[in-house]
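Novice: Pasting in a structure now, in structure tokens, and then I'll have a few things to ask.
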Amino acid sequence: MDNNVEYELKEVSIQEGGSNLNINTPSGMSDGDFNSGANSPDIVKSENDFDKLAESLEKESKQYFAAQDNENNAGESEEDFKLRRYFENSQRMALSNGSKPKKMSICIRNLTVVGRGADLSVIADLLTPFNWFISLFKPSTWKIEKTSTFNILNNVTCFNRDGQMLLVLGRPGAGCSTLLRLISNQRGSYISVDGDIKYGGIPAKEWERYKGEAIYTPEEDSHHPTLTVRETLDFALKCKTIHNRLPDEKKVTFREKISSLLLSMFGIVHQADTIVGNEYIRGLSGGERKRLTITEAMVSSASITCWDCSTRGLDAASALDYAKSIRIMSDTLHKTSIASFYQASDSIYNLFDNVLVLEKGRCIYFGPVGQAKQYFLDLGFDCEPRKSVPDFLTGVTNPQERIIRKGFEGRVPETSADFEQAWKASELCREMERQQTEHEKKIEVEQPHLDFIEEVRANKSKTNTKTSVYTTSFPTQVRALIVRHSQIIWGDKFSLVSRYLSVIIQSFVYGSVFYNMQTNLSGLFTRGGAIFAAILFNAFLSEGELFATFYGRRILQKQQSYAMYRPSAFHIAQVVTDIPLTTVQVFLFSIVVYFMFGLQYEAGKFFIFCFTLIGATLATTNMFRAFGNLSPSLYVSQNVMTGILIFMISYCGYSIPKNKMHPWFGWFFWANPFTYAFKALMANEFMDLNFSCETEAIPYGTDPTTGAPYDNSVRVCASAGSRPNTLEVKGSDYLMDALTFKSDDRTLNIFITYLWWVLFIIINMVAVEYLEWTSGGFTTKTYKKGKAPKLNDAEEERKQNEIVAKATSEMKDTLKMRGGVFTWENIKYTVPVGKTQKLLLDDVEGWIKPGQMTALMGSSGAGKTTLLDVLAKRKTLGTVQGKTFLNGKALEIDFERITGYVEQMDVHNPGLTVREALRFSAKLRQEPSVSLEEKYDYVEHVLEMMEMKHLGDALVGTLETGVGISVEERKRLTIGVELVAKPHILFLDEPTSGLDAQSSYNIVKFIRKLADAGMPLVCTIHQPSSVLFEHFDRILLLAKGGKTVYFGDIGERSKTLTSYFERQGVRPCTEFENPAEYILEATGAGVHGKTEINWPEVWKQSPELQEVRRELSSLEASGSSSSSNENGVPREFATSIWYQTWEVYKRMNVIYFRDPFYAYGSILQAVMTGIIVGFTFWDLKDSSSDMNQRIFFIFQALLLGILLIFVVMVQFLVQKEYFKRDYASKFYSWFPFAISIVLVEIPYTIVCGSVFFFCSFWTAGLFMEGQNGANFYFWIIFIIYLFFCVSFGGAIAAVCNHMFLAMTLVPLLIVFLFLFCGVMVPPSQIPTFWKGWVYHLNPCRYFMEGIITNVLEHQKVNCSYEDLTKFNNPTTLTCEEYFVPATGYVTNTTSDNSECGYCIFNSGEQYYKTLEWDASNKGRSIAILIAFWMFNIFLVVSFVYLTRKPSR
């Protein structure tokens, strides 16, 4: 069939098709009807009449597609016809129900998009703030520099009719993704957008009111890993279920039918109850996760869908099935579909109506798919046999790939500007311009947007406002989100159980520390500590919400762009699910601690205790979320939150009474959620409680005038709240005198605690609605200063082309690889699934030889990646059976090092540039005998070959932040990292997945050169073009279940391969057909692929298998005697341990230096804490209350170190993931990483400690005149304590494999650090069980003993009048004569000695003696802290060793 005819037929189909976007289910059609193929629903007569017409149209469609099959094998399958019929019936029923058509075309005129130039996007580092500050004093920098810009898109004009499909093709950097984002109305990341985009006549500005009707689906997959496939899809349906459904059709029925349809359509119905999973949680395969992404986007029911490389990770058959489903939905539902593909087959290409080819942001072709190839042929280019049309269209822009026809040399376009000029001068361009003008006039006359607007309003919930962009109402969104959030939590039962188990364990620890507090003066003091500790416990436990907030940002951004729900609804749902979780948590904690504490045994007080703690926990949880939602970086929010927590702890009334607070920070007492919770809990416990002090009253001993004990009438309690003539302290009096709390305010304080919760809810709702920190699927490159390339410059473009051309012509043909023969035999691999074993690989055998390229193919889920993991010795879980040999010998210890493995996941350290990442690999993995200059030269060669020269000084970055190289560029870097190592054997897992055709061609050609030079390699490949496929020598084809279908030669023009299948009864492969697609079709690959032949059984009976086994035996018997190592001594690592350590340490310093958020975040934390603490405890004097303030000052310093643990732990966990990837490839051993990450923290820790010291030490009045040794001791012991905390955080991170486990473990360990340090609970009151070992093994105890004895050793105490405990003196003796205390001193408070004042201490030494501490132990304290620090380093090294291998 002629391509022009095909185009006209599609036009007819579009004009005759239905017009409603919404997927409505015909009444009477059940799930089983779709799955079984039933197509006779029981409906009214008029519907039957329409069925007859539909059947007639279906026959015509079958005839049309059958004809197309004969030409290009892209016809619809039986399932495709069922799908088409389903949509046609749905459309017909929707129209009969009064629905209006939503025919929204796209018209783009003169679209120019301006982006920020990379020359001013310089990599940030620790010097960036200093450089900025210095620039303020340079007049030459005061003039505002004009930001360099470049055109991402340049004057692009095109259109796409409703119901049509537009294919966007272009090499990386052509602007394809930008165009798709602009069509979906995502404009925020660009400097300017000029030109017009109209949606069915609606301007782009007005289109903002219809968010979700044009969606952009990026190539990466973002899903909640603990949700099942069904739950993920059902949630999307709940948010997008239209109001205008069929009569009497319930929402649940509608969702079930649509869910069943889509799951069947994309072949994941068998995985409906499987969790989605991610890189850490086992779930769907990569291909299945991609299908789920596509399914979720389809549920959005958008009028216009933009698909950006959405087939990445799918095999060729599944990609074709996906494209067919888009074609059917476009035809029947009149969806306007725009898609970009990097490697599209002709079968996929022919499904589209028009194609737009971009190069460097310029349009070089826009028109029918059937005329594109001829257009470029007419320009003077030639197309290789079997080369797909899409590959040809993008290849003509690459000087290394294009073929110029004889006689056209020097006449064809060379640069993007040349191509654009040629296109604009063509007759076809003028014809497309005429068609676009006519279409725009037609839109003005017909005004389809009026029906669109009416239908959009009809589909919305009736409770929605007219301006709402959402389908469902706010309450419906909240309900759906509540269910989903509950499913997310329930899906991760391990985390849920771990959380509650941690709470129970810690509650028993807390309860035992403050066990059975008595109603005496010691119980009076410790009750406040116990209640404060209860609040603090829940605060630390809530910090995990900070990490959860950042983790879910990308998913929230994606679903918000689909207009599924308001972000504020998302937060409300979180709040609602918080309530039962927090209630259970607090109740489990309270039921233990309340009664172990010995608090008042009254039901009312117990439930008030629980209710207040619930409010405080809810408020704290939402406070952490608020700081996460308001911050661009996790490190920023963490460090700011540390300062805020210090503030909250200092100003809640526990450590500093209200009347002792200085005015500059005293206001925070009222702006502190902890204040009201603490006041309420203290009032709840103290308001009806009296404390006896008969054994602790003063004066004590014997009256000097009588020789008898002092009469009780003159004795008073030595406590705040004491009153004359009584040996009891009323709790309410104590609250007022000591803390200035009113016990009558309990109810008010509880109410205000919950008001704080509400306030933080509102802040979060506003933050998530109006702030967006994710990149939305795009990346911005940053370069070293002065290293950014020039963009869209014709001369620069020619220069780059010449570099690549030269590199291609000067491929290192003399390169000698030391490859060997690698064989595998009877490979079986099983993994535990529940109580059974699942077989993933079943008797797979084969080999790779020097000089040969072997392709590993099969449908998604066939076990290709699993086989590579097994062969490359990367599997650490499950059971592997079978034999593997290298040169006929068992694999040596150096196998992983000499093997290059390009994995699917592109794991790279974001703090390095591309060149640094490649050089690091070359330095550590090439033989040490190779000079550094040679290694660097080879790196440059690889950069040129892979067209990454211009990216050499670009930061790798991360996709989450949107700063760094793109997805496609990461894949090239992954390959480059392995190639620069000069491996002896190369395994590549989908090296071309996500790459454009030209990059794929370059990579495969480069790999071919490596093979020709003697390297054996095997490569999984999903969607190979005919040209790429012909580079391979052999193929191993797997069926689902890991069974072999074929292993053998491909043959010239694939004849050997295709003849094998033809002999089994498969139709012949045509001359112009892609052999790779042919064999996948023959073996039933794809979503709905079917085959009646049991190919694994056919293979087992084939003579080819017998030949394979004979060859295997021969290869193993004739194995070479040479070792894999040229020196004859296998080494696990190429370089020495000390060289590794030096290189890893240098790299770690670069990474930290380029992470100002982390480094300055820690410093900012120290500055904030130092200023807060210093000015909180401003200029302390020598009164007893000021002495207590000194103790609490040091306690705040203690908390700084503890909070620093959280910050360090996050960084360690991130770096550990990169280490595991490096270790698997034997870059370096576990020891260099462990010791480097410990050493790199030291200077930053010293700076943090010193900053805190200088900000607070003099401010708080702790400087001791003439005691320089004591002043230095304060600094040095604090620095060593911070060393301990940093290494402690590293040890926790080293033993944990993911963040949640670490966040669960940290509070459990921290409780021992601060509870048993000797301040919150004096040593004399610590239970014997804990004191016997935990107290003496607590490093914080030695820090507190050393620093407190140092501060108080020479401190004299002179009580102020307010600090004195007053009692009457009925005698004529002076106060000093009347009562001689054991500690402290007595003084006159009146001139006549009638009233005496007792000061409990007269020196700081007396205080720390009561804690059983001594100043003579200061040296010992430092020594023990150093010992704990060294022990932590030992733990870090040990745990890094034990967890060095990833679980896979």
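In case you wondered, yes, glycine gets a Cβ from its N, Cα and C as well.
Relevant sequence annotations retrieved from Swiss-Prot are reproduced here:
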{"type": "REGION", "residues": "16-41", "note": "region 'Disordered'"}
{"type": "DOMAIN", "residues": "136-385", "note": "domain 'ABC transporter 1'"}
{"type": "DOMAIN", "residues": "490-717", "note": "domain 'ABC transmembrane type-2 1'"}
{"type": "TRANSMEM", "residues": "530-550", "note": "transmembrane segment"}
{"type": "TRANSMEM", "residues": "579-599", "note": "transmembrane segment"}
{"type": "TRANSMEM", "residues": "604-624", "note": "transmembrane segment"}
{"type": "TRANSMEM", "residues": "634-654", "note": "transmembrane segment"}
{"type": "TRANSMEM", "residues": "663-683", "note": "transmembrane segment"}
{"type": "TRANSMEM", "residues": "748-768", "note": "transmembrane segment"}
{"type": "DOMAIN", "residues": "822-1066", "note": "domain 'ABC transporter 2'"}
{"type": "TRANSMEM", "residues": "1157-1177", "note": "transmembrane segment"}
{"type": "TRANSMEM", "residues": "1191-1211", "note": "transmembrane segment"}
{"type": "TRANSMEM", "residues": "1233-1253", "note": "transmembrane segment"}
{"type": "TRANSMEM", "residues": "1272-1292", "note": "transmembrane segment"}
{"type": "TRANSMEM", "residues": "1299-1319", "note": "transmembrane segment"}
{"type": "TRANSMEM", "residues": "1422-1442", "note": "transmembrane segment"}
Novice: Does the chain bring the transmembrane segment (530-550) near the transmembrane segment (748-768), so that three or more CB pairs sit under 8 Å (pairs 6 or more apart in sequence)?
Specialist: no
Novice: Are there three or more C-beta pairs under 8 angstroms joining the transmembrane segment (604-624) and the transmembrane segment (1191-1211), sequence spacing 6 or more?
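Specialist: Judged by the Cβ rule, the two regions do not touch, with the required three close pairs absent.
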Novice: Which of 604-624, 1157-1177, 1233-1253 has the most Cβ pairs closer than 8 Å to the transmembrane segment (634-654)?
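Specialist: When the Cβ pairs under 8 Å are tallied, 1157-1177 comes out ahead.
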Novice: Which whole-number mean pLDDT does the model give the domain 'ABC transporter 2' (822-1066)?
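Specialist: A mean pLDDT of 87 is what the model gives the domain 'ABC transporter 2' (822-1066).
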Novice: Other than its close neighbours in sequence, what residues sit by the transmembrane segment (748-768), given a CB gap under 8 Å and a spacing of at least six beyond its ends?
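Specialist: Distal contacts: 556, 567-568, 570-572, 575, 608, 611-612, 615-616, 618-619, 622-623, 625-626, 629-630, 673, 676-677, 679-680, 683.
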